[in-house]
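Over in Swiss-Prot, the protein carries these features:
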ACT_SITE  Ser157  active site, nucleophile
ACT_SITE  Asp320  active site
ACT_SITE  His350  active site
BINDING   Arg227, Asp351  substrate binding site
DOMAIN    52-356  domain 'AB hydrolase-1'
Amino acid sequence: MTISKVPTQKLPAEGEVGLVDIGSLTTESGAVIDDVCIAVQRWGELSPTRDNVVMVLHALTGDSHITGPAGPGHPTPGWWDWIAGPGAPIDTNRWCAIATNVLGGCRGSTGPSSLARDGKPWGSRFPLISIRDQVEADIAALAAMGITKVAAVVGGSMGGARALEWIIGHPDQVRAGLLLAVGVRATADQIGTQTTQIAAIKTDPNWQGGDYYETGRAPENGLTIARRFAHLTYRSEVELDTRFANNNQGNEDPATGGRYAVQSYLEHQGDKLLARFDAGSYVVLTETLNSHDVGRGRGGIGTALRGCPVPVVVGGITSDRLYPLRLQQELAEMLPGCTGLQVVDSTYGHDGFLVESEAVGKLIRQTLELADVGSKEDACSQ
């Protein structure tokens with residue numbers, strides 16, 4: 001993977017979206033994406049030595065707006081709103097939190113809905129990308145802003161996969177990591193559910209082979225069905241049954257064409273995503289998740305993990321059925337910088353890493369303590 005050199009650019013003002021040009025990127029598979037732009041936001045001030053950056057890495061349909069209200073450039077409130085700020089787990093009196101919109105996304109960074117050099121949307125021409133490509137793009141964006149090393153990387157789900165690739169591929173550029181609700185590779189169950197979601201989008205007649213952007217028709221039905229299916233994997237069976245059981249939605253009767261309460265809930269989740277996300281990005285990023293394998297090209301998973309010197313905290317959710325605890329246990333046992341799996345007790349399933357603020361906040365603080373130790377060790381070695 002290679003990235004062309006670009007002039008140094010500035011960090012955006014706090015909470016505002018900045019667009020960082022990183023030039024052309026050659027992907028892991030050899031494809032070239034020209035004129036790549038990465039959307040960036042930050043909270044807190046960069047230290048004079050530029051050594052206090054905490055990268056917050058979003059999951060599949062997230063973006064750079066981790067905290068704060070909706071506003072220009074970010075139509076929804078922060079998706080991890082409690083994580084950063086004065087006195088928060090990432091205390092912006094001490095740390096500078098930076099978040100990007102991932103390569104392939106649709107909230108400012110280059111993705112299939114972006115215009116290629118010919119002035120037309122990339123669409124079906126947008127290449128397959130890997131988690132490693134996403135990390136390379138993030139690192140290039142930081143470098144363009146004059147940042148060559150971060151204190152910590154923090155992420156869950158796809159963000160956890162990005163954090164894992166960061167510490168494996170660039171251990172000299174990060175002092176600590178927090179890996180939440182993730183595994184060393186995509187499992188058969190994940191690939192099965194995720195390829196089914198992709199199929200729901202691609203079988204929508206409005207998909208048009210991925211080149212729908214200038215037609216006035218988008219695969220909205222396919223995207224909402226994909227999201228409904230995905231959302232089932234994000235929550236736990238216990239939580240859903242406790243909330244909805246087999247109840248009807250209000251006065252509706254399923255026997256006469258009405259809906260169940262859980263059906264209405266899932267439709268609402270699909271409609272919410274439709275208002276803020278692009279189907280093309282959903283397909284690209286889901287395919288990226290399917291290809292996740294930290295051992296690829298590194299002599300296998302064991303070799304890749306056991307050779308990583310970065311101190312890490314690994315956390316899992318008790319009720320997570322998309323990334324069950326056994327996957328985090330494997331990570332914790334094989335990473336030499338991990339002292340043991342941290343288990344978060346939650347009924348919220350995979351989404352527990354977003355919801356359980358107290359427990360996950362403790363893990364973030366533990367990670368930043370490791371980063372502080374790394375900072376002192378760096379100072380002693382100079």
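Just so you know, glycine gets a Cβ as well, placed from its N, Cα and C.
Secondary structure from DSSP puts Asp351 (substrate binding site) in a helix. Ranked by Cα separation from Asp320 (active site), the recorded positions Ser157, Arg227, His350, Asp351 are led by His350.
Fewest Cβ neighbours within 10 Å among the recorded positions Asp320, Asp351: that distinction goes to Asp351. In this structure the C-alpha atoms belonging to the residue listed as 'active site, nucleophile' and His350 (active site) are separated by 8 Å. Of all the Cβ atoms in the protein chains shown, 25 others lie within 10 Å of the Cβ of His350 (active site).
A Cα-Cα distance of 14 Å separates Arg227 (substrate binding site) from His350 (active site).
When pLDDT is averaged over the domain 'AB hydrolase-1' (52-356), the result is 98.
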